[in-house]
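Database features (TrEMBL):
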TRANSMEM  6-25  transmembrane segment
BINDING   ASP165  Mn(2+) binding site
SITE      GLU196  site 'Interaction with galactose moiety of substrate glycoprotein'
ACT_SITE  GLU251  active site, proton donor/acceptor
CARBOHYD  ASN270  N-linked glycosylation site
Amino acid sequence: MKSLFYSRFFILLPWVLIVIIMIDIDTKRTPVRSPVLGRPGGAQRHDRTRLPRANRSALPVIYAITPTYNRPVQKAELTRLANTFCQVPRFHWIVVEDSSVRTELVARFLSHSGMPYTHLNIFTPRRFKRTGMPRATEQRNTALSWLRSHRSRKDVGVVFFADDDNTYSLELFEEMRSTRGVSVWPVGLVSGRRYERPIVEKGRVVGWYTGWRPDRPFAIDMAGFAVNLQVVLGSPRAQFKRRGSQPGMQESDFLKQITKVGDLEPKANNCTRVSSLAYHCYRGNSFIRLKKVALTVTLFPLVKLSGMKHYLLI
């Protein structure tokens, strides 16, 4: 009896093992679709760049002006920006080097970026590089001159000043793309504060919530505004000032030439929503400042920021 049992057992055993192996292989080949994540074996991904071609071509082009200069972290900073910018449809990157020549490092980097770009250069005279003087003035003005020479009244677009040491979220570009004149939004952790923002009443900017120089005509950071391309083209003399401009006043000096405070277009739900992180790193004394470009989440409670000041325009 036992011999009969063992004989049948050893006859069936190989077939059982074969079936188990086949089931295991088939399971590994079959993608596991998560009902929560919605994609096989991975997190759900909302791709903003996969728009219908007809809809994408109708979008205004965003021109991001990025001054840059040679330093150990330059390529790392540009890589971070490129990883964001390449996901933005209808985007043109204008990179301006503070250099007497266009360097091979930046030229090679841009050629492999996979996005439309313009590579420019202009050297800042050493007398303008002293501590306390405005930075990147020549580079931003060179980019504005390029736009005025290579774009016309037929072109639809938005101009944004994207410094190379910041990081921007995709929501920011969705907000700024509808800019008709000059649009503004909050910027966080500026001048050692948690955030600055325009104060908006009934859809109009009436003042500034700021912790530094409230007397500025436009108490805003360079990362906190965008300009319609036609405004730039229609104001051929508007540029960033070198002579007579004070540190932190470049934004005001430029914006005064093209708009008025009452004409600003508040974005981000009347400048009350916060979202995109822009990391602004200062390596001196191992201090790192995180600057938060404000869009999408909830604005920090004002009562917790007793150090901030609330200024209204009179």
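Backbone N, Cα and C define each Cβ position, glycine as well.
No curator has checked TrEMBL annotations; they are predicted automatically.
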**For GLU196 (site 'Interaction with galactose moiety of substrate glycoprotein'), the number of other Cβ atoms found within 10 Å of its own Cβ** = 23
**Fill in**
Reading the DSSP string in three states, the entry for ASN270 (N-linked glycosylation site) is helix
**Fill in**
Rounding to whole Å, the Cα atoms of the residue listed as 'active site, proton donor/acceptor' and ASN270 (N-linked glycosylation site) are apart by 20
**Complete:** Students should find that the Cβ of ASP165 (Mn(2+) binding site) has, within 10 Å, a number of other Cβ atoms equal to 19
**Complete:** Rounded to a whole number of Å, the separation of the Cα atoms of the residue listed as 'Mn(2+) binding site' and GLU196 (site 'Interaction with galactose moiety of substrate glycoprotein') comes to 19
**Prompt:** Cα distance, the residue listed as 'N-linked glycosylation site' to GLU196 (site 'Interaction with galactose moiety of substrate glycoprotein'), nearest Å?
**Reply:** 13
**Residues that sit under 8 angstroms from ASN270 (N-linked glycosylation site) by C-beta distance, when 6+ apart in the chain** = VAL200, GLY203
**Asked** When DSSP states are folded down to helix, strand and coil, where does ASP165 (Mn(2+) binding site) land?
**Response** coil
**Item:** Protein Cβ atoms within 10 Å of the residue listed as 'active site, proton donor/acceptor', excluding its own
**Value:** 20
